[in-house]
Amino acid sequence: MAKLFTFRPDTNLSCLSQHKFRRSSNKRFLKPSSSPCLLNSRSLKVSCSIREKENIAENERISPIVTGLKVDDELGEKPGIGIEKLGLENLSWPPWKNVPQRYKLIGTTSLAFVICNMDKVNLSIAIIPMSHQFGWSSSVAGLVQSSFFWGYALSQLPGGWLSKIFGGRIVLQFGVLTWSLATALVPVVAGFMPGLVFSRILVGIGEGVSPSAATDLIARLIPLEERSRAVSFVFGGLSVGSVLGLLLAPPLIESFGWESVFYMFGLFGIMWFLGFQFVAEDQPSINSGSLSRSQSNPKPKSWETSMEEFGGSLNVPWKSFFQSKAVWAMIYAHFCGSWGHYCCLSWLPTYFSEELDLNLTEAAWVSVLPPLASVVVTSFASQFADNLISNGVDTTVVRKICQTIAFLSPAACMILSSVDLGLPPWEVVTILTAGLALSSFALSGLYCTHQDISPEYASILLGITNTVGAVPGIVGVALTGFLLDSTHSWSMSLFAPSIFFYLTGTIVWLAFASSKPQTFKKID
């Protein structure tokens, strides 16, 4: 066993006599010798002559090193000891070891959202060969695609509630695992319609809890002056996922069949889940001092703490939520934004193909442009919003400016596209791409407001607004097809309803939205 030798506080350490280590009665003691030995107070390394080193190696076959005031028998006998003394303290592995923990979590959460939209758009491409193989009609294909939104809408509130109890980090990782396994299951059950619909519902459930989980994580970890960038970076992963999904799915289907898309994209999510465990292990290292005073406790909740809070978390102040004008403004704004987003996401490829007379390949590539442009706009919008807040502009004013841009820009571009101005197809595509890209300002507007008004209930509030926001995915997409069959007009079926909701959403948002922190209390 290694022994500790102690010095009195007044001992002079500038020069010590060289010592030899001998064994006596199974104990080690130090015997002075004539050779001088210096103990460097900074590196704490024993400096001795070559002759003495040879004697020590010969007699004891041990190279004692001094770490602090402790003598160890062999280098490396105890893991982690002596690394700093050998000059390796500047080496760090993995490379992201010294990155602040909140940035690691935000980065991995954004990556999860990339995979999220890849698994959302893969079916929109694979549905074509699947329909040919199984003989599905358009109605059946529509049923399969809409089943995702059933699970997505139903899981919003439970996802927010679970995130509040157990923390967004835990809910997010199991959400990713759920939708990834369900995605990989699609080729297995594709020939059995109830099984296929159920698998897509599971994908919707897994993806449905993720926005609330991410919102809870951001509310706990990110200070106000960084919040716009954090929200934009995380939810901007959705646009990146759309681009990657639309680009990767066609060559995979052509080379390996439509089944490969679901296997490959599902594997991405499973790999993310396994990798996230290493990031989660470092969770206790979060420095609460780096957060703003408005943040709730950033430390992760233990299972015992979560269960202790379980009873109290059942008493969510629902009535207090719905008595707030700001909450109703968020609900309606989320509905309006989702109507335009989901309808365009589903029908723009068909519009490009039929109305602008583009072939399917051209229509597919053109459909990538709006989400690709959104990635650029998102980074600019987040910097714009955070700079305004850092310069003292009221947070409510900043959120109203950003959301107004997010609503009026696509509305104006849709008006230009729906009017017959004789524009060539590429100009119409450019106009629509610009409008839909600017709608990404919502990530620095509406999507930050949940954390602004209540970090404690941010995940539940997003669950409420996102539940309503999922309705256009079920109703709006189907209604657009019905109106198109009835009117044979893209202006009346796709653009007119979206323009209406964008304009009315702007009015409600400017009138009632607020980012002022609110205390929601249980009302009997």
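Placed from the backbone N, Cα and C atoms, the Cβ positions cover glycine too.
The feature domain 'Major facilitator superfamily (MFS) profile' is assigned by TrEMBL to 105-516.
Positions annotated as transmembrane segment by TrEMBL: 174-198 (among others).
For the transmembrane segment (230-249), the residues of the chain that approach it from at least six positions outside its boundaries are 106-107, 109-122, 125-126, 211, 214, 218, 222, 261, 264-265, 345, 364, 367-368, 371-372, 374-375, 378-379, 381-382, 440, 443-444, 447-448, 451, judged by C-beta separation under 8 angstroms. Look at TrEMBL and you will find 230-249 (among others) tagged as transmembrane segment.
Outside the transmembrane segment (261-280) by six or more residues, the chain places 104-105, 108, 111-112, 115, 118-119, 122, 125-126, 169, 173, 176-177, 179-187, 245, 248-249, 252-253 with a CB less than 8 A from a CB of the stretch. The transmembrane segment annotation in TrEMBL covers 261-280 (among others).
The transmembrane segment feature in TrEMBL is assigned to 327-348 (among others). Within the chain, the transmembrane segment (327-348) has long-range Cβ neighbours (under 8 A, six or more residues past its boundaries) at 124, 145, 242, 321, 367, 370, 403, 406-407, 410, 432, 436, 439, 442, 446, 449-450, 453, 461, 464-466, 468-473, 476-477, 480-481, 494, 497-498, 501-502, 504-505, 508-509, 511-514.
Long-range Cβ contacts of the transmembrane segment (368-389) within its own chain (Cβ-Cβ under 8 Å, at least 6 residues beyond either end) map to 224-229, 231-233, 235-236, 238-240, 242-243, 246-247, 344, 348, 395, 397-399, 401-402, 405, 429, 432-434, 436-441, 443-445, 448. What TrEMBL lists as transmembrane segment is 368-389 (among others).
For the transmembrane segment (401-423), same-chain residues at least 6 beyond its ends with a Cβ under 8 Å from one of its own Cβ atoms are 333, 336-337, 340, 381, 384-385, 388, 431-432, 434-436, 438-442, 444-446, 490-491, 495-496, 498-499, 502-503, 505-506, 509-510, 513. The feature transmembrane segment is assigned by TrEMBL to 401-423 (among others).
Annotation source TrEMBL lists transmembrane segment at 429-448 (among others).
For the transmembrane segment (460-484), the list of distant contacts is 142, 146, 148-150, 152-153, 156-161, 163-164, 208, 211-212, 215, 316, 321, 327, 330-331, 333-335, 337-339, 341-343, 346-347, 446-447, 450, 453-454, 490, 492-494, 497: same-chain residues at least six beyond its ends, Cβ to Cβ under 8 Å. TrEMBL lists 460-484 (among others) with the feature transmembrane segment.
Residues of the same chain lying 6 or more positions beyond the ends of the transmembrane segment (490-512) and with a Cβ under 8 Å from any Cβ of it are 325-326, 328-329, 332-333, 335-337, 339-340, 343-344, 347, 351, 355, 400, 403-404, 407-408, 410-411, 414-415, 417-418, 445-446, 476, 479-481, 483-484. What TrEMBL lists as transmembrane segment is 490-512 (among others).
Long-range contacts of the transmembrane segment (429-448) within the same chain, counting only residues at least 6 positions beyond its ends with a Cβ under 8 Å from a Cβ of the stretch, are 215, 227-228, 231-232, 235-236, 239, 330, 333-334, 337, 340-341, 344, 348, 352, 356, 366, 369-370, 373-374, 376-378, 381-382, 384-386, 398-407, 409-414, 416-417, 423, 462, 465, 509, 515.
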